[in-house]
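Asks: Got a structure here, written out as structure tokens. Questions coming.
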Amino acid sequence: MDSFFSTYVWPAIIMIGQSLLLLVCLLVFIAYVLLADRKIWAAVQLRRGPNVVGPFGLFQSFADLLKFVFKEPIIPAGANKAVFLLAPLVTVLLALSTWAVVPLADGWVIANINVGILYIFAISSLEVYGIIMGGWASNSKYPFLGALRSAAQMVSYEVSIGFVIVTVLLCVGSLNLTDIVNAQHTGLGTMLGLPASFLDWHWLSLFPMFIIFFISALAETNRPPFDLPEAESELVAGFMVEYGSSPYMMFMLGEYAAVCLMCALTTILFLGGWLPPVDIWILNWVPGIIWFTLKACFVFFMFAMVKAFVPRYRYDQLMRLGWKVFLPLSLAMVVIVAFVLKLMGWA
């Protein structure tokens, strides 16, 4: 009995506790990411943004949470009630479940599986089903058109993201996210005789793929300038037209969880994860999770600045960019990187 408890029960309890702790921390982080998004946009437009609830508006997201929770959900007449309510739940659960394999620091991961990046790519591909379900179950043409646009957009840019990931995997030789970060201890900088620093990270040696991944991440998460499925001037509010209260909150939560995931993936694949920018003793004292969080926040700041400055694309421009520019460019980079690795004997 004791061996059964120590072998199965206790590890399960620890994993559940870790999952709950990560979930709570992630939800709080998303609340402040949402606030930061509004604050940055307001600052660019010379406004103050949310500043009433709490000091500097720090509790605005929690006030919005209470507002959504206590509002009555309204289901349209003729809608498929079960699918209508299931769609936002599917979206948010899939978006949150991907974080189980994301290493926040060395050893700070719930499931350190050897196919971590493949797991994230597979789960992220399933998120489009929640959007399609929500648009179809609303029994309205505008949400359905918005859902179709969103599905086409996400599928289009997943191909480019997949090729970018393949390029990184060719350089690292592993699907494990921790191995991808550790492989960035040495890189282009050390080959040139420089000390270990941010010049070794993949953003420099794979710079074209870094740009493609960043722009594709914007499109994958329906962020501006690729927010066509939700653009007020395009299709009212996309697939979320008929949603309100808690179901709408779940869609927003899933969207920002996916945005945070893309920031974390950019950090892991190209910005060295939890590695300090320069390998010196004083920076190595800083916990890895601090470096990881700072890098992810920097990537999100870039997301927010793109939202503030770049005008929205037309739908045909969006599709042309994905299929006629990013797809051939990323495919060519895969071939070039594989050729260089084989030629130099690094494969």
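Every residue gets a Cβ built from N, Cα and C, even glycine.
Copied straight from Swiss-Prot:
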- 13-33: transmembrane segment (TRANSMEM)
- 50-70: transmembrane segment (TRANSMEM)
- 82-102: transmembrane segment (TRANSMEM)
- 115-135: transmembrane segment (TRANSMEM)
- 161-181: transmembrane segment (TRANSMEM)
- 198-218: transmembrane segment (TRANSMEM)
- 263-283: transmembrane segment (TRANSMEM)
- 286-306: transmembrane segment (TRANSMEM)
- 321-341: transmembrane segment (TRANSMEM)
Asks: Which residues, given as numbers and ranges, are at least 6 beyond the ends of the transmembrane segment (161-181) yet have a Cβ under 8 Å from it?
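Replies: For the transmembrane segment (161-181), the list is 101-103, 106, 109, 112-118, 121, 202, 205-206, 209, 212-213, 216-217, 220, 268-270, 272-275, 327, 330-331, 333-334, 337-338, 341, 347.
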Asks: Going along the chain, which residues at least six beyond the ends of the transmembrane segment (82-102) come within the CB cut-off of under 8 Å?
Replies: 19, 22-23, 26, 73, 75-76, 109-113, 116, 119-120, 123-124, 126-127, 129-131, 133-134, 136-138, 177, 242-243, 247-248, 250-251, 253-255, 257-258, 261, 264-265, 268
Asks: Would you mind listing the long-range same-chain contacts of the transmembrane segment (13-33), meaning Cβ under 8 Å and 6+ residues beyond its ends?
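Replies: Result: 58, 61-62, 65, 96, 99-100, 110, 253, 256-257, 259-260, 300.
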